[in-house]
Each structure stands twice: as structure tokens, then as C-alpha cells.
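To start, the structure itself, in C-alpha cells.
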């Protein structure tokens, strides 16, 4: 059977092991071809092909429910649920999402983007099933490091106290998240999986017996039984721990052996109460380069499938903001042993792997544990250290109480460096970083800044590291800088709460924040062509806002525009409007940013165009709002 003929996962039921293996081969081929062309998450999906096929071969997906953790594991799931023919549109505008979306397929039973959510959602479904007198199966597939997250452990703790609630948890144990897993739980699983001396003895016992007189090869069947018994002894320790938590335990089993997977899943489905199936997989399975470099091939930009090398850009690009951040912070840390970089399992993405390589004693990876990362930073700050929490904007949401309760209320000097702030592109709504201004600005003691370019990023890093009057946050975007020269030394901190005038004009005041400052300058040049001269201000800080600069300019010029790459509700424009209201500055104000809606997956440029945030669109709207009697429309 060709996988393109599979439009429903129940079609797997009648297939032989050989046919299922052929389906697995086709899934891997499509997966590799698509990611090589479009970019996206490569390693996670390759590791769960057989797991997905075997699980769905034992379920009735017209009734049964499956929740997937960190949805980039679910690419094989998407192909088996009627999306194979459109899989080439993965992460493209109007195409298939890179994560699970309930609105995309009836088989996406729960949306997933962030880690450690699957067991909680599945348990909720199981309890709803029982309350309504139904009897379908509910399965949570968790892995790629997500079991290190506290939320997953909270769900296991709850489920283990419900002995009559049928729930299956499948642990996809590939020893990895994005980077190698850290922490005691991961280390314990790895001991069971790889290094137990009893397991080693079982694996080598038969070879030793072959060298003894009278035995030779004659004991093979008996030896297999001995080996299996010893292996069961080897894994009984982790099984005992899981069963102490209230779960029946199966495993670990070979995550790439369809026969073993199907047999184990069928047994596990018969269990009353919660059950955990421990599946050992290889991240990147089937693509040798990804198996050897599981961190590098977790996610890829478009690449050459034969060589594994990224397809070069048609023209050289400036360094990414993450790369500039990593270089600058590492340089500062070399001269300041109190600087400690903290990441929550995102060392490569944030650039902190560079700090780890050069100054490992000044680097901490807490695993998928954002709440712990923030309070840990608070403890470090209490004792005079300079903690720098490098985290994606979307993931800091997960530690909001810790930011407020543990850091801001105590006014501790923790430096939050929020990567991927603003519009992130192909990862879509679950990963957009457009809410941080709003959710941080309302917290007392918090200072918030954003650089207009990569050189100003360097100065803001110096500012944050040297700021000791309380917590401070810096937001910066995904992707490359705009190409301004970088400084290798002589960095000076910025004055807190002070912006700068970049361009003078008497007809309009444009206040830009962060990445939108460059857009403001471009829009101002377009307006000049229509006889309109604008003053452009780089605000730098949204809190404290530079009212000493902004308010007199607003009163003198009389027309004000704000630009931000973030949500309008509670954002930079709202801060300006509040300042105008508080100081009785009665001037017309037009705010540009992200309205009260979700932003789907697309390229950042496509999303900005959809939101009316390109410089031509902004200039057009300014003309319509403030100068409609002066010039005809420029944009069709």
C-alpha cells in the first residue's frame, strides 16, 4: 500500500508487519524530502515513525484519543491522518502547521507546541470519558525531553492516584529534548536504558557460554530465556519507581521494532488503570547524519539531503541576533565571573552553548523547567551573582508567577534576555513572541528594553548585566540583524529609560520600539516623497518610558504614531496612550502592532504584510489617517 492511499489511520489495521515496515519507509522518505525543502523539525519525527504506526495499528481512531507532546514529534501522525498529500506545505503560509491544531484535523485531539502538556490533557479527556459513561482509550505520547517538565510530573502524580481511570502514557525515550536532556530523571532513565551492569551481563552472557566445553550453540533457546529474565531484572528498578507512582510499567522496548511495539501496546491496552509504556528510540532514525548529530539535526533550515549541509543564501547575511547575543555575553562573562547564563533546555537556540563551551562553570541548563530557571536566578541574584536568563519570549510565559512573585516583588537584579520576541514565522501561534511587553509591563519594579539593531543589542546586554536596581528584561527578534557594524570593545551601558531622536520633522512624530524602528525610518522616507516630514524616535525602553522626550515632542508636533512588533493590547502603544492620558496630552494617536488575534504560521514578512506592518502599508495608513486631503493612495 502506498501511504498516499491512507486517509484514515484505521487503514493500518489489516496490514502485515512487512507492509507496515514499507509504510514506515515511505513516511521517512517523505519526512526527509519535505524538511530538506522547507526546513523544520527533522530528528524528532524520524524517531517516532514505528511508534506511531504501531500505536495506531492497535487503536480505533474513530473513537480513541491520542495527545502528543511537543507537536513536532507528530509529523508521522499527520501523514497517517490524511495529510500526506499536502505534507509538502508544512509550515508554509496556508499550509499544514508544524504543530498540532484541533482546527486542522479531527485527529489532532489536543493542540501542542510547548512541552509537557500531553499527560494533563489526556487525563482530562479520560476523566471526561468516565464521567459520561464512555469507554474509549486515551493515550498520551510524551518524549523529546518533555518528561523533565514539572507539569508532566504533576500529571503523573495525579493520574497515579486514580487506579480505576484507564490512561496510557507512552514515553518516547530518545535521551534528548532539543539538546541532551539534563537532570536526575533523565540520568536515571539513561542508566536503565544503557548502562545497568545486569543488562550488560545479560547481553554478553551467551557469548561467554559459547566458549565453554559441551555448551557451544546448543543452549540458544534456553539462553534467550535467561537473557530476557536478566533484562527484566535490569529494568525492574525503574518499573518499581513507576509502579510506586500508581502506574503499571512496560519496557523499555525497542522503539523501532514494529512487532514488539504492537505486542506491547496490545498488552498495555488490557490493563485497568494508568499504564506507562517505556519506548527506547533513536532521534533522527533512518538518516545517518541526524543520528550522529542529534542536536544539530533537531531542526533544520532547507538543506541538501545528500550532504546534510544547509542550502547557502543567495547573498551573505548579517549575523543573527542570537549569535550576537552569545558572543557579547560570553565576552563579558570572561571578565566577570559573577555572570551566570541560564537556559531551560534551549542552549543551542539561545546561543548559550557558546558560553557553555568556553565557560562551563558560568552556565546552567535546568532542562524543560522555566519556572525553576527563574527562581533559581532569583536565588543567585540574592547572593550577588549576575544571572542572565536566556529564554524564548513564548516560554517565559510559563514562569509568569516566578517572575512576579520570586523576582519582581523582591526587586532582585535578574536579567531576562527574551529571544524570538515578536513575530517568529513558521512555528505559528504557539511560539509567537508578541505578548511579553504586555505581560511584563504591568509588574512593578520591572524594566523593559528592546534594541533597534544588533549593535544596540550589544549595548543593552552591557546595560542589563550592569543594572543592579532590580529586574530588567530585553526583547529581541528571531533571525538576522540589519547589517550595522558591531563593536568588539568599548561597550557602554545605556541610560535607563532614555530614548533617542533619529530623524527630525515637524509634520508627524513616529515612535518606534525595537525592530520597528528601522520600519519607522523607512516609512518616514516614503512620507517625505509626499511632502511630509516626520520626527522618528527610537524609544529603547517601554518601561520606564521616556516621557521627558516624548511628551514635549507630541505636544509640539500634534500627530503621533507608535510602531511595535507585539500585541497592541497592553503594549508599547498602550504605554504611550497611558502617558498621554496621565499628562493630559490631547493629540491624535495611531498605534501599529498586532491586533487582538492569533497570528498563524507563515514567514515573518508574510505575517507583517497580513497585519499591515510593512513600511509601505504604514505610510499608506498614515496618509489616510492624518493627511488624506494631501495625497492619493500609494498602495493598491
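Heads up, the Cβ atoms here are built off N, Cα and C, so glycines get one too.
When 174, 257, 336 are compared with the thiamine diphosphate site residues 72, 113, 114, 115, 145, 146, 287, 370 in Swiss-Prot, the one appearing in that site is 174. Site extent for thiamine diphosphate: among the recorded binding residues 72, 113, 114, 115, 145, 146, 174, 287, 370, the largest C-alpha separation is 32 Å. Counting only same-chain residues at least 6 apart in sequence, those with a Cβ under 8 Å from the Cβ of residue 370 (thiamine diphosphate binding site) are 344, 391, 395, 396, 398, 399, 402.
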